[in-house]
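Asker: Got a structure here, written out as structure tokens. Questions coming.
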Amino acid sequence: MSDYKLGLDYAKQQDALDELSSYRQQFHIPKDKNGNELIYLCGNSLGLQPKSTKDYINQELEDWANLGVEGHTEAKNPWLPYHEFLTEATAKLVGAKPIEVVTMNSLTANLHFMMVSFYKPTKERYKIVIESDAFPSDKYAVESQLRHHGYDDKEGLILWKPRDGEELLRYEDLEAILEAHGNEIALVMIGGVNYYTGQFFDFKRITELGHSYGCKVGFDCAHGAGNVNLDLHNSGADFAVWCTYKYLNSGPGSLSGCFVHERHAYDKNLNRFTGWWSHNKQTRFNMRHEFDVLPGAEGWQLSNPPILSMAAIKASLDMFNDVGIKKLTEKSKKLTGYFEFLLKQLGEDTIRIITPENPDERGCQLSIQVLNADKKLHDKLTEAGVISDWREPDVIRCAPVPLYNSFEDVYRMVEKMKAILN
Ligand SMILES: Cc1ncc(COP(=O)(O)O)c(C=O)c1O
């Protein structure tokens, strides 16, 4: 969009025109010591709390207090099938079929469970490809899988790297990796939206490439779920995992989402770790029954899930379901484009945005490098009431989240940055 304008009036005008602006009132916005709202641009790290979350959790606390164990079947939202209440909205949000998604465990744990099923190394084909700047937990997880299967984690890991002097990854370089090593690679596992640069990858292209060489393909969508239109089913990916505490606003350390493509839904021969929650619901409590795996993503569950965390996820998903990812991404593109426009006014010799310029190749996050800056700049921004995050060596990540950030937030952030730089 090239018709952005400077000035606070323009920002206010855009907020007045924004049909999603009322959602901000549905969140608790953190305040400074004097009770003034902070400019919170950190939804890429921890999303804000919807005001409705407390009621959703209180409902379960009350049912627990009043019903004890009977709540499993008698609670207003019975706990035995509680995870099913999240299925439809989750599927819609990530572009999947209901049979393909489940909410369970934490993110890194789910990544391991997916690799139990989709990383099946052989003597000839055992390598794993990830981005060179993958989130550390993902890198540690794949390295430990290599070691677990008896392979050297340096030799077995292939890094998809940016070219010298660049930050973003090029598909041609991934193609070259597969051309050279395709028949040695068992798994391509990519952070769907890179946590550092904010680059949103073309899942379908990567999946088709990986599959054409006989590799399995999975994505970590921690920075994608609730931020971009994921279209997981059509991408053809074998699996995906994400957390719900960033863009999905479900509280610190909340549960993870998991996608397993429909073509694996009825495959009982897939290697997997199991527990009683992966067993057939009809006979689960018939304790001596032989194991009978559930079809679809539910068949990867292990344990009966934490209802209080799920209640917070339900509160958030109900809101996402109400807005829809289409409207959210439309606003997101406008808001982030406006942020980019204002940052560029600071002078391209001062500010460098390493996130892709193409709105289809990013979500709401912009990763900003400021020339000759160090963490002190970030600290000054924090003192000035802007909550963003700093990633070594020199990047400030800011995410104007379309559900609760305003054009005025973005305007004020850049004004504060300008004042600090001057
Ligand atoms: C891309 C990515 N992967 C993995 C993780 C680790 O998540 P968890 O601690 O929930 O396992 C994070 C956390 O921020 C992340 O951003």
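Every residue, even glycine, has its Cβ placed from backbone N, Cα and C.
A TrEMBL annotation is a machine prediction, not a hand-curated record.
Positions annotated as pyridoxal 5'-phosphate binding site by TrEMBL: Leu107, Thr108, Phe135, Pro136, Ser137, Asp138, Asp220, His223, Tyr245, Trp276, Asn304. For Lys246, the entry in TrEMBL reads N6-(pyridoxal phosphate)lysine.
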Asker: For Asp220 (pyridoxal 5'-phosphate binding site), which DSSP three-state class applies?
Answerer: strand
Asker: I'd like to know which of the binding-site residues listed (Ser137, Tyr245, Asn304) lie near ligand 1, counting only a CB under 6 Å away.
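Answerer: The binding-site residues passing the 6 Å Cβ test are Ser137.
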Asker: DSSP three-state call for Tyr245 (pyridoxal 5'-phosphate binding site): helix, strand or coil?
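Answerer: SS state of Tyr245 (pyridoxal 5'-phosphate binding site) = coil.
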Asker: How big is the pyridoxal 5'-phosphate site in terms of the longest C-alpha to C-alpha distance among Leu107, Thr108, Phe135, Pro136, Ser137, Asp138, Asp220, His223, Tyr245, Trp276, Asn304, in angstrom?
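Answerer: Maximum Cα-Cα distance: 31 Å.
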Asker: Measure the Cβ-based neighbour count of Ser137 (pyridoxal 5'-phosphate binding site), defined as the other Cβ atoms within 10 Å of its Cβ.
Answerer: 15
Asker: Could you round the CA separation between Asp220 (pyridoxal 5'-phosphate binding site) and Lys246 (N6-(pyridoxal phosphate)lysine) to a whole angstrom and send it over?
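Answerer: Just about 13 Å between their Cα atoms.
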Asker: Using a Cβ cut-off under 8 Å and a sequence separation of 6 or more, which residues in the same chain sit near Asn304 (pyridoxal 5'-phosphate binding site)?
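Answerer: Set apart from Asn304 (pyridoxal 5'-phosphate binding site) by at least 6 residues yet with Cβ under 8 Å, we have Trp79, Trp276, Trp277.
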